[in-house]
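> When I checked Swiss-Prot for this same protein, it listed these features:
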type: MOD_RES; residues: GLN1; note: pyrrolidone carboxylic acid
type: DISULFID; residues: CYS8-CYS58; note: disulfide bond
type: DOMAIN; residues: 8-58; note: domain 'BPTI/Kunitz inhibitor'
type: DISULFID; residues: CYS17-CYS41; note: disulfide bond
type: DISULFID; residues: CYS33-CYS54; note: disulfide bond
type: DOMAIN; residues: 60-105; note: domain 'WAP'
type: DISULFID; residues: CYS67-CYS92; note: disulfide bond
type: DISULFID; residues: CYS76-CYS97; note: disulfide bond
type: DISULFID; residues: CYS80-CYS93; note: disulfide bond
type: DISULFID; residues: CYS86-CYS101; note: disulfide bond
Amino acid sequence: QGDKRDICRLPPEQGPCKGRIPRYFYNPASRMCESFIYGGCKGNKNNFKTKAECVRACRPPERPGVCPKTSGPGICLHGCDSDSDCKEGQKCCFDGCGYICLTVAPSGSP
């Protein structure tokens with residue numbers, strides 16, 4: 001498991017070849033799978049043929065519940081990367097500036 005997550009932290013790498021192959025990489029800063037152009041050889045393992053493949057490999061599992069609505073710019077802290085960094089009953093939520101663990105509302109009620 002640790003090795004897989006490490007792959008997902010690697011930067012997108014085009015490689016030395018001159019191909020122009022659309023691929024996807026996981027961007028830990030945005031927590032999204034994003035497109036990049038792969039040259040066709042070498043590079044690293046944060047390189048997926050489809051967005052779905054990237055999401056399956058790298059997106060951390062989400063806990064149920066809804067993050068509370070933000071009111072203002074929030075505190076610029078980076079306290080978590082995913083829900084699994086938070087205690088039970090909390091989610092990793094964007095608070096207007098950074099990501100922090102917050103107690104969630106039950107699903108369906110923001």
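Here the Cβ of each residue, glycine as well, is placed from N, Cα and C on the backbone.
Describe the structural context of each listed feature in the structure shown, including burial, neighbouring residues and relevant distances.
Under DSSP, CYS58 (disulfide bond) is assigned to a helix (H, G or I) in the three-state scheme.
Looking only at the domain 'BPTI/Kunitz inhibitor' (8-58), the predicted model's pLDDT averages out at 94.
In this view, CYS41 (disulfide bond) is surrounded by 11 other Cβ atoms within 10 Å of its Cβ, with every protein chain counted.
The Cβ neighbour count for CYS54 (disulfide bond), using a 10 Å radius and every protein chain shown, is 23.
All protein chains included, CYS67 (disulfide bond) registers 18 other Cβ atoms within 10 Å of its own Cβ.
Secondary structure at CYS97 (disulfide bond), as computed by DSSP, is coil.
Annotation for CYS93 (disulfide bond): same-chain Cβ neighbours under 8 Å, separated by at least 6 residues, are CYS67, PRO68, TYR99, ILE100, CYS101, LEU102, VAL104.
Classification of CYS86 (disulfide bond) by DSSP places it in coil, neither helical nor stranded.
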> Below 8 Å Cβ to Cβ and six or more residues apart, same chain only. Which residues does that give for CYS17 (disulfide bond)?
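Once residues fewer than 6 apart are set aside, CYS17 (disulfide bond) is near GLY39, GLY40, CYS41, LYS42.
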> Just checking the disulfide-bonded residues CYS8, CYS54, CYS86: which sit within 10 A of CYS80 (disulfide bond), CA to CA?
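Neighbours among disulfide-bonded residues, in sequence order: CYS86.
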> Of the disulfide-bonded residues CYS8, CYS76, CYS86, CYS97, which one sits closest to CYS54 (disulfide bond) when you measure Cα to Cα?
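Closest recorded candidate to CYS54 (disulfide bond) by Cα: CYS8.
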> Which whole-number value in Å describes the distance between the Cα atoms of CYS76 (disulfide bond) and CYS92 (disulfide bond)?
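That separation, Cα to Cα, works out to 14 Å.
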